[in-house]
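**Student:** Below are the structure tokens for one structure; questions will follow.
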Amino acid sequence: MWLCALALASLAACTAWGHPSAPPVVDTVHGKVLGKFVSLEGFAQPVAVFLGVPFAKPPLGSLRFAPPQPAESWSHVKNTTSYPPMCSQDAVSGHMLSELFTNRKENIPLKFSEDCLYLNIYTPADLTKRGRLPVMVWIHGGGLMVGGASTYDGLALSAHENVVVVTIQYRLGIWGFFSTGDEHSRGNWGHLDQVAALRWVQDNIANFGGDPGSVTIFGESAGGQSVSILLLSPLTKNLFHRAISESGVALLSSLFRKNTKSLAEKIAIEAGCKTTTSAVMVHCLRQKTEEELMEVTLKMKFMALDLVGDPKENTAFLTTVIDGVLLPKAPAEILAEKKYNMLPYMVGINQQEFGWIIPMQMLGYPLSEGKLDQKTATELLWKSYPIVNVSKELTPVATEKYLGGTDDPVKKKDLFLDMLADLLFGVPSVNVARHHRDAGAPTYMYEYRYRPSFSSDMRPKTVIGDHGDEIFSVLGAPFLKEGATEEEIKLSKMVMKYWANFARNGNPNGEGLPQWPAYDYKEGYLQIGATTQAAQKLKDKEVAFWTELWAKEAARPRETEHIEL
């Protein structure tokens, strides 16, 4: 990747390719924006890149814990050629996620701010003509707590597949998901930011050569969960036309909570606020500085496994909630009722979702010895309650089912990681895909089974298809980073083609690609990796086991609580 303005070596190429002499300027409903042209090796047509375009008013002051408002207009030409700050978050976790997940050659310097409602645009369109290219809007992951748009470079996907790529930001953590469970702070602010960004795309993307009638939303982890939530929301009708969830769906128990009041009170107490009423808490928290809320975030120890406290009292994430606006009911209820946006939907998981990044780098599981006995596994499953929601009574049954077939403590550890991967991602993803299929929406599933050469040296060589691995293929990392293998380059070309075909037609299949079966009652899906082939019934046995276990638990008579009169 070269910037013509910076890289002398590419000057000749710039001239030869007829590189536009003036940088691109595009009209938006709020004012003009100035971008820059960036060339990708092997492509005659440069990509116009616009970084840090505001899609909403800065969510400061009285707009903290409030729905996003339209951006204010400007009369000058706004320079949108530098990366916007990422939304406020724990800087250490934010840096780590960016380092591990970026598809760039080197990570960009990260800044953080509460003023963060910006998006980046990559368009290969000839801006002198009114093109109508498919638009792909990327929603980043990070547990709704960390992450940012600029970690992910849309250049390769845009150039290779002739699509407009938009990467968006949304409020995170306390700023994005603080909820009192009533009208004082309903919550889901980060999801409402995502909706605002999609509205902005509808109003403006035509001027960037994009087709507002062909918008695909795609995201990974909490970004995949967000895509799935947006499909279920009445607010998003006609804002997008296809959807892709990579390793994250609306049924992730870790990212959804029904009762929010107790967590709101914990946050308020930690911030030194009174908790007499919701109004008092919200008023007090709005007066706090960004730094003070950051201190609260760090003290709350989100995104960490607590081995000491009562798992039922612990909180790993601030989450999506039922706010009556974005989500009228719980995701499971909306899915069961089949009343939501019936759009072509692709859902996928990776082979070892709980392989290394989540347990070792993010949540800090005590597994560095590389082995595990059954008793410890059962205890760890119970300590994982905040993210997997398995009751204490079920933990020995579950560990026996997964780990009982071997005495080898190394195998037991691997099987424990498989169990957590199924609970966190595998089972919810298959269940969501089945719901969409049953509702009549065209549905596709995949399992990604490949280890990118860009993986961290700290990661065990045996972990293939870890959480986030598919991003390197989807966003064309082999064309941006150095040192990719030939196999990896081919794989990324194929994956980008599948994803862009889906964005164009609602069907990933195309000439020269292995046939990807629709996810119908035969439950065909695609295994993507060094060998890419169709298979059937992804996680079928695991889903059956957990469904039966939870049904038995639900049918058990609850112990009646003694009520003092």
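Cβ atoms here come from the backbone N, Cα and C positions, even for glycine.
Relevant sequence annotations retrieved from Swiss-Prot are reproduced here:
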SIGNAL    1-18  signal peptide
CARBOHYD  N79  N-linked glycosylation site
DISULFID  C87-C116  disulfide bond
ACT_SITE  S221  active site, acyl-ester intermediate
DISULFID  C273-C284  disulfide bond
ACT_SITE  E353  active site, charge relay system
CARBOHYD  N389  N-linked glycosylation site
ACT_SITE  H467  active site, charge relay system
**Student:** Taking Cα-Cα distance, which of the recorded positions C116, S221, C273 are within 10 Å of H467 (active site, charge relay system)?
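**Tutor:** For H467 (active site, charge relay system), the recorded positions whose Cα atoms are within 10 Å come to S221.
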**Student:** Tell me, if you would, which residue among C87, E353, N389 (recorded positions) has the fewest other CB atoms within 10 Å in the structure shown?
**Tutor:** N389
**Student:** Using the alpha carbons only, what distance in Å do you get between N389 (N-linked glycosylation site) and E353 (active site, charge relay system) once rounded?
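**Tutor:** With the alpha carbons as reference points, the distance is 17 Å.
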**Student:** Round to the nearest Å and give the CA-to-CA distance linking S221 (active site, acyl-ester intermediate) with C273 (disulfide bond).
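**Tutor:** Cα of S221 (active site, acyl-ester intermediate) to Cα of C273 (disulfide bond) measures 33 Å after rounding.
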**Student:** Please classify the secondary structure at N389 (N-linked glycosylation site) using three-state DSSP.
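**Tutor:** Looking at the DSSP assignment, N389 (N-linked glycosylation site) belongs to neither helix nor strand, so coil.
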**Student:** Measuring Cα to Cα, how many Å separate E353 (active site, charge relay system) from C87 (disulfide bond)?
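**Tutor:** C87 (disulfide bond) has its Cα 26 Å from the Cα of E353 (active site, charge relay system).
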**Student:** In the structure shown, which of the recorded positions N79, S221 has the fewest other Cβ atoms within 10 Å?
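**Tutor:** N79, out of the recorded positions N79, S221, has the fewest neighbouring Cβ atoms within 10 Å.
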**Student:** If we count other C-beta atoms within 10 Å, could you say which of the disulfide-bonded residues C116, C273, C284 has the fewest?
**Tutor:** C284
**Student:** According to DSSP, does C284 (disulfide bond) fall in a helix, a strand, or coil?
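**Tutor:** DSSP call for C284 (disulfide bond): helix.
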**Student:** Just counting, how many other CB atoms are there within 10 A of the CB of H467 (active site, charge relay system)?
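**Tutor:** There are 30 of them.
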**Student:** In whole Å, how far does the CA atom of N79 (N-linked glycosylation site) lie from that of C116 (disulfide bond)?
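**Tutor:** Cα-Cα, rounded: 16 Å.
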